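S.K.: Quick one: the structure is below, and I'll ask about it shortly.
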Amino acid sequence: MYPVHLLVLLAVCVSLLGASNIPPQPLNLYQFGNMIQCANHGRRPTQHYTDYGCYCGKGGSGTPVDELDRCCKTHDDCYTEAGKKGCYPKLTLYSWKCTGKAPTCNSKTGCKRTVCDCDATAAKCFAKAPYNNKNYNIDTKKRCQ
């Protein structure tokens with residue numbers, strides 16, 4: 001083998017080792033976003049739910065500010081329970097379809113079904129709950145104690 005080939009091979013190996021330290025990205029959040037759009041018939045962009053109240057978005061604490069925020073807390077709790085069963089909700093891809101303008105899970109068993117049910121239930125809850133613009137991008141340090 002030529003020295004240049006060895007250098008290229010070494011560079012690839014080092015790159016792969018570095019990539020193994022990159023944390024995995026939440027893959028199923030794209031699916032969840034599509035479920036939300038299915039349930040609310042595209043009336044509200046998915047990103048409006050990423051920084052709403054005390055529980056919609058990353059993390060969560062305190063008392064939910066309204067019905068929509070309670071949907072997010074319930075979804076967080078569902079993911080926690082799925083994690084206790086050995087599932088990785090943010091990384092679990094599942095099969096579903098939009099029927100009658102509501103998400104329906106096709107995955108039958110295990111983590112795929114559990115996570116799909118968490119997401120479908122939350123998406124339907126979001127569609128029913130009123131959206132209060134005052135609860136978007138709130139000061140969580142003050143309002144979520």
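Glycine is treated like the rest: Cβ placed from N, Cα and C.
Below, the features straight out of Swiss-Prot:
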type	residues	note
SIGNAL	1-19	signal peptide
DISULFID	Cys38-Cys98	disulfide bond
DISULFID	Cys54-Cys144	disulfide bond
BINDING	Tyr55, Gly57, Gly59, Asp76	Ca(2+) binding site
DISULFID	Cys56-Cys72	disulfide bond
DISULFID	Cys71-Cys125	disulfide bond
ACT_SITE	His75	active site
DISULFID	Cys78-Cys118	disulfide bond
DISULFID	Cys87-Cys111	disulfide bond
DISULFID	Cys105-Cys116	disulfide bond
ACT_SITE	Asp119	active site
S.K.: Near the Cβ of Cys125 (disulfide bond), how many other Cβ atoms are there if near means within 10 Å?
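M.R.: Step by step: centre on the Cβ of Cys125 (disulfide bond), count other Cβ atoms within 10 Å, giving 17.
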S.K.: On a C-alpha basis, identify the one among Cys54, Gly59, Cys72, Cys98, Cys118 that is nearest to Cys87 (disulfide bond); the candidates are the recorded positions.
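M.R.: Smallest Cα separation from Cys87 (disulfide bond) among Cys54, Gly59, Cys72, Cys98, Cys118: Cys118.
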S.K.: Starting from the Ca(2+) site formed by Tyr55, Gly57, Gly59, Asp76, give every other residue of that chain whose CB sits within 8 Å of the mean position of their CB atoms, in sequence order.
M.R.: Cys54, Cys56, Lys58, Gly60, Cys72, Lys73
